[in-house]
């Protein structure tokens, strides 16, 4: 008798995706982050669902409802901090996942890569709107500053901002719609994840060497299922101390002050995972230029496949490109640090230098180094 997992209409989809899926035998731990992101998404949806049962999206009660969750709801503090720090873990895994794709040339699967970029934008939008919901000082002013950037768009900018706000300032209407979208977007993200996996399974996984691995494949289960479970345990080991011992480590103290439109915090800044993009935005004196640079800092990933001129897919055997890649990582760390600093000397010039280097490395230096490596291959 044939196994039910291979014949049942629903189970055979799961089987071909997670059980009998042929996978390259050489996948390293860098291939764990896809499954870790799936776990993060699941945790965020579950904790978010329970938080939404107690949260009220009204300017008069939003801040107090979050306090109520932490103080009065059974394990409400755990739900709240799992959700907040789970988002940080989500972005750590996201950035490592994208970095893996850049390093090993996974972007040559252009459909999977482009859906991934769309996913990155969707998750960033979700996180931004979620940060507004506790209705603290940084929530309010962060929402005001970031949405106000759209006013830089010629002709329609001002009308667009007021349309998003639902009035002439960030107020009750803004909070209500942000809550609605924050609730909806994770389900859209889940649908996009399925499309992402669909495109990935059309081509099969890349591997660290970047060489086709068709002759050397192993079944996903049990080899990679057990490896993924180890990944989950490692992530949980990192997340648990953060949530249980220092849950506010990555947050902003200003967000424990209720939103007050008449008092501006000394330094308005987003959550740590947006600081690199925020630094790029601030490094350009022109408002529209800053907004374009902000969008391009992520959208630049879409043109990476076009800029791939190397004869080798992966950076595994390309030491010059490896050096440049890690230099890019250092630039991103610098931008993240600068994004959290006040706008004054010497931070301004450091931010501007790092921003120029970020675009310079991706647009010019990477392709140039690849061409040099191609030339060296002839020797």
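Placement of Cβ uses the backbone N, Cα and C atoms for every residue, glycine included.
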* To do: Scan 178-198, 199-219, 262-282 against Swiss-Prot and say which stretch is down as transmembrane segment.
  => 178-198
* Asked: Out of these binding-site residues, 83, 97, 201, which one has the fewest other C-beta atoms within 10 Å of its own C-beta?
  -> 201
* **Proximal residue to residue 97 (heme b b566 binding site) among binding-site residues 83, 182, 201 (C-alpha distance)** => 201
* **Set of same-chain residues at least 6 away whose C-beta sits under 8 angstroms from residue 182 (heme b b562 binding site)** => 48, 126, 129, 130, 133
* Structure fact -> Spatial neighbours of the transmembrane segment (226-246) not adjacent in sequence (6+ beyond its ends, CB under 8 Å) are 29, 32-33, 35-36, 39-40, 78, 81-82, 85-86, 88-89, 93
* Looking at 33-53, 178-198, 288-308, 347-367, which one has the highest count of Cβ pairs under 8 angstroms to the transmembrane segment (320-340)? -> 347-367
* Run the contact check on the transmembrane segment (178-198) against the transmembrane segment (288-308): 3 or more C-beta pairs under 8 Å, excluding pairs closer than 6 in sequence. => no
